[in-house]
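Each remark here refers to the structure printed beneath this line.
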There are 4 protein chains.
Amino acid sequence: MAKSKWEYVKGFEQEETLLPSCWVVIRLDGHSFTRFAKDHEFEKPNDIQALALMDYAAQHVMKEFGDIRMAFGESDEMSFILNKASTLYGRRKSKLISLIVSCFTAHYVNSWSSFFPNKQLQHLPIFDGRAVCYPSERTLRDYLCWRQADTHINNQYNTCFWSLVHSGMTGAEAQDTLKHTQADFKNELLFSKFGINYAKLDPRLRKGSIIIRQPKRKAEGEQLEDLGKPMQLDAANHVPSTMPANLKGLEVLHEDIIQEHFWVSRPEMLR
Amino acid sequence: MAKSKWEYVKGFEQEETLLPSCWVVIRLDGHSFTRFAKDHEFEKPNDIQALALMDYAAQHVMKEFGDIRMAFGESDEMSFILNKASTLYGRRKSKLISLIVSCFTAHYVNSWSSFFPNKQLQHLPIFDGRAVCYPSERTLRDYLCWRQADTHINNQYNTCFWSLVHSGMTGAEAQDTLKHTQADFKNELLFSKFGINYAKLDPRLRKGSIIIRQPKRKAEGEQLEDLGKPMQLDAANHVPSTMPANLKGLEVLHEDIIQEHFWVSRPEMLR
Amino acid sequence: MAKSKWEYVKGFEQEETLLPSCWVVIRLDGHSFTRFAKDHEFEKPNDIQALALMDYAAQHVMKEFGDIRMAFGESDEMSFILNKASTLYGRRKSKLISLIVSCFTAHYVNSWSSFFPNKQLQHLPIFDGRAVCYPSERTLRDYLCWRQADTHINNQYNTCFWSLVHSGMTGAEAQDTLKHTQADFKNELLFSKFGINYAKLDPRLRKGSIIIRQPKRKAEGEQLEDLGKPMQLDAANHVPSTMPANLKGLEVLHEDIIQEHFWVSRPEMLR
Amino acid sequence: MAKSKWEYVKGFEQEETLLPSCWVVIRLDGHSFTRFAKDHEFEKPNDIQALALMDYAAQHVMKEFGDIRMAFGESDEMSFILNKASTLYGRRKSKLISLIVSCFTAHYVNSWSSFFPNKQLQHLPIFDGRAVCYPSERTLRDYLCWRQADTHINNQYNTCFWSLVHSGMTGAEAQDTLKHTQADFKNELLFSKFGINYAKLDPRLRKGSIIIRQPKRKAEGEQLEDLGKPMQLDAANHVPSTMPANLKGLEVLHEDIIQEHFWVSRPEMLR
């Protein structure tokens, strides 16, 4: 068969590659997750299990793609930081975005019943993805500062908003109460009206999730993960207590990454 | 909190848009599917259930994104054809690729147990994706010809190869026997040695899967699909017999799309 | 010398190619030409010699690059239409833009003294360039309609504006007089106040310049152009009377290209 | 006139921007300069006046675009280094390439007769251009090392080649003599056969031209350059002795930029 006469159509592919020697951020965002959260009755302002599932799927992505140095997650978004020296798939943009989004989605769907044993999926979650290059450690860290500051701002607002709503206000009234208010006002509101000390809230909510590799554990023998068996949830850690052994080298932290301390104590992170 | 001081990092995003007025092909490919097929003991040369699962996931993608005119699938790849007039997500390339890959993956994983009730996932499937613009009906149809010719060539080769192997040859011997042979030789080999009339093989294997919308059914009321309940497989059609009602407007064909007939009888397809 | 140790920097080049099978428009625009026109005392509203110099430089570009099918010029801009089947320089975007801009600029500067024998260049003209793909004859022709409509609109406005200014108004007064007025009002103004029948104005001003190849003359022997000798201007045609023989196969028209007639009578133009 | 009905064609423009915070190299190359050099009888292996004209045109480009930090030139190529913080024209790639190529070409053509008073242009010079991003000082300096090493390698080879040819060899014989030889062999050949001490050759030929801004002269009053008057050549410096006053703040060096010294003594260069 004259296959060749049609092969010219391959010439229409225009593959973009990511600039070498730049840190690459691949950020995933939940698609229509306001609706997804509502349909699956996520707790407000934060559903800890939903956040833990995000982190769990991200860990699997990091296990699959060794060139990912770290990940940062909040709400329904997850940023993966690809080593600036990585030549994975020739740094082809579409390839990297699609593989990471696909891997993340697969694990999110597959692990849903472990994290939500009593909730059936009403419709399936979808994530979009994008890739951004950062040419220096400074610009990359500023990206991470931007996301962690966003985590805090959104969480503080949402904590106030839902406290007001749970206390009887309508959504519109709560929105009015909070309009144009500063951080101090919101902290005071939480403390005086609801007895919430914002600074004492679960750091996962205030700081987001930072997923890193534990350098020492690398040498340990890897076991095949068991994807079929339902996992038991560990209430304290919000993660399945039977977490596959091969994920144990990946640590989930909820620390400040805006200040120097995190980076000074991990000099190998962005080397 | 001085959020704004970090917002400059958004300026590093460089979003590519797909040229207007072009047909857009978004093609997904299974990642490391040779290994995936082996680990899940796919039948050789073709695993009908695995092909049916691909088509089923593609139907869900077409249900989610109404601007997709048709899809073409073979083996572990699936091409979605986006209407040339579509302005979906501003034709942003990364957005479109990632959403479609994510949606496809989600359904593939979620429906696995319906198509393979007796096989547990050993590890999760991942798909990559790319987008290609075709400026005319002719170049788009040539793209589809290229893929359907590829389906035939691969299937003919694989049918010969596995017939030889199942009859006792080693893989290397089978490869040697087929090297540099033409289509005629392969057809003759199948017929004389294995009693296989190639032209009578399941058209799904020879022609791939074409998924189109049935224009008339559009008006029918849509029902929410039931994602949780295991589906019953209909042996004849290789699809779950309890296929959600809302997928019924999507038809899977295994016809020739290289010749004119398919297009002449569907003048609205590429309008 | 260890040259190779630095050659890795070539890997940072990211060459973009123009989608195959699309018409390519490469449009040049004069940079800061308001100032350039003032410093060189261009006549207002139109300086015929300046327009003729644009056309002349464009003809040289078309002579240099045989894949250019036609050009359209108005004011200080010039659009070159590259054959949709062209594979010139692998359709590399930067290469094509830069070569065409460079060639145009070289001829504009070199021919200045022939078109303006009594005006010395005060500073040098610069042009920017861009490339745009049009996937069909319809979209390409709409592009040309857009530019020719722009030519008319600008010329009509400028003819009114400068007539008012030459009759004693200040620029601000003329602007006020014309604000929000329609085409009919402007035509009436020109006729009743200044005795100008707009429809009778030099078509070069109303329609712009269309530069095409005369298919028949192709076979004629080419002579080397004489770049050094000052050319004599032919008052009627606004072009040097000693135009190099090798440009004679390129015709400058000032016709309507919005209507069908131009295209119907030249069926080979966009084939 | 219904202009708006065609304005949709603007939507086909796809402007690429250069990644922020990266050094941008815009490199120009002479198009078909082997022929151009032959037609204009450039001296071999190097035509000092032709090199000086390249530098002179580059100085004018740097005068026009203040965001250019430095330039490096050799043979018929010139690299301009744009400040990494520059936001000139929104870092639009096509815009920057085209303006710089256009400006360079304009000055090359306009100044030709000053540098070659006795040679008439037989046909006009054209340059192509490209833009490359370098994310760090290290990668940018490696780019410059690459070009300066190239200057040396080419010059050493060409000096040998033309010495052999001028001494009576054919081009093919000279090529054979030099094939696969190392730097030491070439230096020895030049010295023993032709009495040329390579290390003593004009540094312009061995090191190329580095054009920088003299920071101190910035405050001096600028004068309009006189583009029309033919300039007198200063034999020692190979530049017109009546160089416009406004170019005097731009210095042309022929130093080593591979070693640290150049950069250590100019700490502000890449800040």
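Cβ from N, Cα, C; glycine included.
Residues or ranges marked as Mg(2+) 1 binding site in TrEMBL: C:D29, C:G30, C:D76. Taking Cβ-Cβ distances under 8 Å and a sequence gap of 6 or more within the same chain, the neighbours of C:D76 (Mg(2+) 1 binding site) are C:D29, C:G30, C:F33, C:F36, C:A37, C:A50, C:M54. The DSSP secondary structure for C:D76 (Mg(2+) 1 binding site) is coil.
Here TrEMBL flags C:D29, C:D76 as Mg(2+) 2 binding site. DSSP assigns C:D29 (Mg(2+) 1 binding site) to a strand. Other Cβ atoms within 10 Å of the Cβ of C:D29 (Mg(2+) 1 binding site) number 18 in total over all chains.
Around C:S75 (GTP binding site), taking its Cβ as the centre, 21 other Cβ atoms fall within 10 Å, counting all chains. Residues or ranges marked as GTP binding site by TrEMBL: C:S75, C:D76.
Taken from TrEMBL, the feature domain 'tRNAHis guanylyltransferase catalytic' applies to C:7-135. Remark: secondary structure over the domain 'tRNAHis guanylyltransferase catalytic' (C:7-135) totals 57 helix, 31 strand, 41 coil, with classes taken from DSSP.
The feature domain 'Thg1 C-terminal' is assigned by TrEMBL to C:139-259. As a whole-number mean, the pLDDT of the domain 'Thg1 C-terminal' (C:139-259) in this prediction is 85.
Neighbour density for C:G30 (Mg(2+) 1 binding site): within 10 A of its CB lie 21 other CB atoms from the protein chains shown. Within 8 Å of the centroid of the Cβ atoms of C:D29, C:G30, C:D76, where the record puts Mg(2+) 1, the same chain has further Cβ atoms from C:L28, C:H31, C:F33, C:S75, C:E77, C:F127, C:D128.
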